[in-house]
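> Structure below; questions to follow.
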Amino acid sequence: MTKHAEPLTLMLYNTMTKQKEVFSPIDPDNVRMYVCGPTVYDTAHIGNARPVVVFDMLFRLLNHVYGKSHVTYVRNITDVDDKINARAAERGISIRELTDETTAVYHADMDALGALRPTIEPRATEHIDDMLAMIGTLVEKGNAYAAEGHVLFAVDSMDDYGKLSGRSIDDMIAGARVEVAPYKRNPMDFVLWKPSKEGEPSWPSPWGEGRPGWHIECSAMSEKHLGETFDIHGGGIDLAFPHHENEIAQSRCAHGNKTMANIWMHNGFVQVEGEKMSKSLGNFTTVHDLIDQWPGEAIRLALLATHYTKPFNWTADGVREAKKMLDQWYALTADIDASEPDAAVVAALADDLNTPKAFAELHSLRTRAQAGDKKAAASLKASLQQLMGVLAQDPVEWANWRAANAGTVDYAAIQVLIDERLDARNNKDFAKSDELRDQLVALGVVLMDSKDKKTGLFTTEWNMGK
Ligand SMILES: Nc1ncnc2c1ncn2[C@@H]1O[C@H](COP(=O)(O)OP(=O)(O)OP(=O)(O)O)[C@@H](O)[C@H]1O
Ligand SMILES: [Zn+2]
């Protein structure tokens, strides 16, 4: 048991009740969170990365408060979808090849942003039986009906359908682009199961060969891995309606209970010139391209600079600013051992993940560290690790990256490497000092070493060798 000593009140904004609430887990020994994962047909854009980074921060905070072994984070992979079928056909590869390749790139990209892998990452196609069982229960209970090879959820069978988005069924019909189909009893009824077209993946079912609808995936997989009622359900705000509304309808009706998840959390959009970044609009920047140009942690910081519920515009200036901040923080903490995250930083995060406030606290720690306060520097480093993850523990790697990518000579970055090497030499860690020397030489740095006669310590002068 590595639980946090002092109790920390965690406040989270709940889309369901439209207010901030005290987070009180059903079982503090197993805090359970489900976040809707990617549909794996194409590389993730920076908008898709926002929920990953935001809920990673929450995952880290929950780990900090309840202990690592007491938090279960499930994020699914949607590997059955029309867009997947179309893309695989277009590229002339199998669906499994496409989904495996996309998942591997997704993992690498999200790792580069410092996001921890979820505890469990279920694939939809590996849970077809669970979905069929749930659909069967819904049909039995009168919440779903079969029609022309489809199984549909009957929204009229549920008293409070629409509670999450706060809309009545009539409002929804008026506002939504619903697929009108002759076999639907109510235009808002949605698909749980449907026939597959020629060449598409299909599975046998009591209602004919076919495949599941999107919403039933998350209901089945969350039940399987987290139980009928769990603590937190998250995703982008575009998922609140209809996806999450429909997840709630399916799960609650199948389980005959009042609550699927206690807290529903949604991140705002990453936008480009006021519009949602999306694959269909073509206004996107992929994480894969960005990590060629910027260190992952600068991208992560740029994403976290705005409170997660707010929309924000993605700009190169934002990442540039983030990188500058990290430069300063890393330079100050390079030689310092991390202590405990600063209480004010943790308190800001515990207040509905108030990252702008947390960053303001980091700035004030920086000011104190610059004035020579070693305790502030140690706490700054630990706070950065809490926010940024493992990447932030490696200023050498950071300095290397900066030096290699600066285009012009980045003297501050080289100085960090020089200082690391001197430390290594003076501590007789010659393997490390030789490695750093090789890196510096590769960057075109000329080193002139000498020994201070008084102190017996190595010193170095250097230039770019012209
Ligand atoms: N512009 C955006 N800003 C923030 N979150 C987003 C944005 N676009 C998608 N998301 C979120 O990304 C996650 C992964 O979704 P998914 O892989 O299904 O992408 P998508 O919705 O198909 O993307 P797109 O809208 O570009 O097609 C979801 O939680 C979704 O809400
Ligand atoms: Zn989902």
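Yeah, the Cβs are placed from backbone N, Cα and C, and that goes for glycine too.
All TrEMBL annotations are machine predictions without curation.
TrEMBL lists these features:
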- C36, C218, H243, E247: Zn(2+) binding site (BINDING)
- 38-48: motif ''HIGH' region' (MOTIF)
- 276-280: motif ''KMSKS' region' (MOTIF)
- K279: ATP binding site (BINDING)
- 344-399: domain 'Cysteinyl-tRNA synthetase class Ia DALR' (DOMAIN)
> At the level of the C-alpha atoms, what whole-angstrom distance separates E247 (Zn(2+) binding site) and K279 (ATP binding site)?
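Their Cα atoms are separated by 24 Å.
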> Centre the Cβ atoms of C36, C218, H243, E247, go out 8 Å, and tell me which other residues of that chain have a Cβ in range of the Zn(2+) site.
W214, H215, E217, S219, H233, G235, L239, H244, N246
> Could you round the CA separation between K279 (ATP binding site) and C36 (Zn(2+) binding site) to a whole angstrom and send it over?
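So the Cα of C36 (Zn(2+) binding site) lies 17 Å away from that of K279 (ATP binding site).
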> So for H243 (Zn(2+) binding site), how many other CB atoms are inside 10 Å of its CB?
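Its Cβ shell of radius 10 Å holds 18 other Cβ atoms.
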> So, in DSSP terms, is C218 (Zn(2+) binding site) helix, strand, or coil?
helix
> Would you mind listing, in sequence order, the residues at least six apart from C36 (Zn(2+) binding site) in the same chain with a Cβ closer than 8 Å to its Cβ?
P51, R75, N76, C218, G234, G235, G236, L239, H243, H244
> Over all shown protein chains, what is the count of other CB atoms within 10 A of the CB belonging to the residue listed as 'ATP binding site'?
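The residue listed as 'ATP binding site' is surrounded by 17 other Cβ atoms within 10 Å.
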> Hey, does DSSP put H243 (Zn(2+) binding site) in a helix, a strand, or just coil?
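Reduced to three states, the DSSP call for H243 (Zn(2+) binding site) is helix.
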> May I have the DSSP-based helix, strand and coil counts for the residues of the motif ''KMSKS' region' (276-280)?
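So the counts come to 0 helix, 1 strand, 4 coil.
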> Of C218, E247, the binding-site residues given in the record, which has the fewest other CB atoms within 10 A of its CB?
E247
> For the motif ''HIGH' region' (38-48), DSSP counts of helix, strand and coil?
3 helix, 2 strand, 6 coil
